[in-house]
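Note sheet for the following structure.
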């Protein structure tokens, strides 16, 4: 204690800071950094969890490159992103734009749009799965049947299954994006709009010349946030296709589901680790692109 | 009268009523469409609850209000006993993880914000860089780690990866910026030690941020699926999402039972949201924009 007393204020601060940080730094090293390195290491090994760990060099990556399932999965993953991101961006902007101009029961409307964000993906995947069933079970097909349109086999068609699985993911995230957009709209100084009003500018010009350009940081945030979400889609796919995960014929299988399958059903740890490294690299590129976009402002 | 004809602004006023009527019509239409959209948004939730209150023979009927509402499904699902366990597991895990995040994320955020010490920048960048690492990449090493330490199929095994988050640390650091250094200096002169200053002076000033963080962490852990699915083996250790997923497969086409299970896992967060609505939305915006 007398040693502590003899320290200057500056040195006492250093002692306190590192006292506070000891446990957290240990946590980040052991639970974040070490496993990251470990995943990369395992990706260069051949290991089925029970047997020996052998060096495999680039074998896992070469295998991945030559695996038609991987390319199918890779394409699916980007399909989730390419449909999901623009769809939810445009939809949430339209809702936020109009909601922002509405006063009557404003917070009730906002609540309705936000509510799905508070649900659990697993629970809602099952609800939507039920919606998609054929007549006489599923809601959507019952509605189609009642207006005389032929049934759609939502979850068993290789073309429609992916958007069907994606729909609840877009639905659940929409409320969050609306709220973020509304905060962005509120942050635009009213003086811009007043000046436009005095100049007698039409609403379309106001929207394209003032609102959208000033919302750019908000849009970049939403695009990156939702892109990362869609690239990591798993809960919805797994639960809507439990009888044949990622099916039919791998048409809905995203990268994370392939990782899960390879590691915990096939116990091919090296191969699965190589897939996680690919996922990491994709997300890294997206994040760096975001930094780029933000910096050019 | 002639004045009215010449003066441009007054003629505009005269032209006003029909224009305003048109504008009101537009406003009304806008509201109606937004309302219809909002109702469509909550439909899946409403249908889930409605179906959970139906008898099996009525499930295939698409009417929203059950003819003879019943709690039979809830009794059946709860009698089974497993849902009690899963509910309790999820509640315990989400609560403990939230407490841990509130404590550690704010302690680290505070230290990085208010202390000057060698290594500060390095620690900050190191923690921030973990935001780039996807959970999915760590699942395999965490599994192996749990296996060698005997953490598989235990509460600690489910919880340990989420005890601190870079997102929370960054969020709290941002908010501690708004705490004036003078307050801290004054407390130091009053003879409080650094831990007391953080706990009794700084923490009460960032309560809104703590609440926002608590919402995010709790919701995230309540709904977490992939890691709990990987780390648990025995039915008793499942969390609600993992249990529900298996339950759905098991009862197969008994949709009223699946909807009941889904409702049990969703209703708690919905109720919390409806009570603290305004507050939660503000917190989400804060966390989303600052974090």
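Note that Cβ sites are derived from N, Cα and C of the backbone, with glycine treated the same way.
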Q) According to TrEMBL, which listed range is transmembrane segment: A:40-59, A:60-79, A:80-99? A) A:80-99
Q.
Tell me if the transmembrane segment (A:111-131) touches the transmembrane segment (A:214-234). I count contact as 3 or more CB pairs below 8 A, with pairs 6 or more residues apart.
A. no
Q. Looking at A:14-34, A:80-99, A:111-131, which one has the highest count of Cβ pairs under 8 angstroms to the transmembrane segment (A:165-188)?
A. A:80-99
